[in-house]
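What follows is a single structure, written as structure tokens, with notes after it.
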Amino acid sequence: MRRFKGLLFFLIQVPCFALPSDFVYLHDTAPDIIEDLRYADSHNFTGKVVPGYLSGRCILTRQAANHLAKIEAQAKHLGYTLKVYDCYRPTKAVKAFYNWSQNIKEDSEKPYYYPRVDKSELFEKGYIALSSGHSRGSTVDLTLVALSSRNKRTSRPDTACFGKSRNYQDDNSINTGTRFDCLDPSAHVFYKELSAEQKKNRLLLRTLMIKGGFKPYAKEWWHFTLKDEPFPKTYFNFSVK
């Protein structure tokens, strides 16, 4: 009887969080994919942890996670592994981005994330939006990391987010010409002022994702949405935890 009471007390004290139906933690499906969710810490264009991100765990629809697991297997055959920067994004986070964009006085991250765009123009030019496909659970921001690359922790950027040299990089991802979330024309997939290596790397990621069932986004080389997403018109708002 004492054991039962002790177990009951434990269950009451430990908070439970159940994902909505058909959502999973990516790690449970594809544990080798690197997770570096930038909005769960301050390494992002706002300079702060984003509302709605209580942990750095990648959450996706089951279908999207299953497709990524298959793409990860293909990437490994080529000597790479996937690295995700953002997965499911609650609508409260999207709203927080918009509110941030309207606060023109808060501009501390401009040198690192949007050096060539005025903050007042970020919404108008489409870098910030009122809604996001991420909130439907089948959109992911990601890159590739060479399996031979030494593990490198993400560091706070101290340079502009783009360049033909690797000086712009803040992690050990492949050289694509910009960091993740670089709010700049150079993040457009077919931006012309890239090195041959950068163009090749972008094409490699794009090819893997398209063959794996995802649709690319022309203005962000890292952004892909599952073609047959299960919730094409539903935007979720549960927190990432």
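One-based numbering along the chain as shown.
Note: Cβ is positioned from N, Cα and C throughout, glycine not excepted.
Annotations in TrEMBL come from automatic prediction, not curation.
Taken from TrEMBL as is:
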SIGNAL    1-20  signal peptide
SITE      R89  site 'Transition state stabilizer'
BINDING   H134, D141, H223  Zn(2+) binding site
ACT_SITE  E220  active site, proton donor/acceptor
**Asked** Within 8 Å of the Cβ centre of H134, D141, H223, which other residues of the chain have their Cβ, at the recorded Zn(2+) site?
**Response** Y85, D86, R89, S132, G133, T139, V140, Y217, E220, W222, F224, T225
**Complete:** CA pair E220 (active site, proton donor/acceptor) / D141 (Zn(2+) binding site), Å rounded to integer, equals 9
**Item:** Three-class DSSP secondary structure - R89 (site 'Transition state stabilizer')
**Value:** coil
**Request:** Which residue among the recorded positions D141, E220 has the fewest other Cβ atoms within 10 Å of its Cβ, if you could check?
**Result:** E220
**Message:** Is it possible to get the count of other C-beta atoms within 10 angstroms of the C-beta of H223 (Zn(2+) binding site)?
**Reply:** 25
**Asked** Quick one, of the recorded positions R89, H134, which Cβ has the fewest other Cβ within 10 Å?
**Response** H134
**Fill in**
Rounded Cα distance, in Å, between H134 (Zn(2+) binding site) and R89 (site 'Transition state stabilizer') is 5
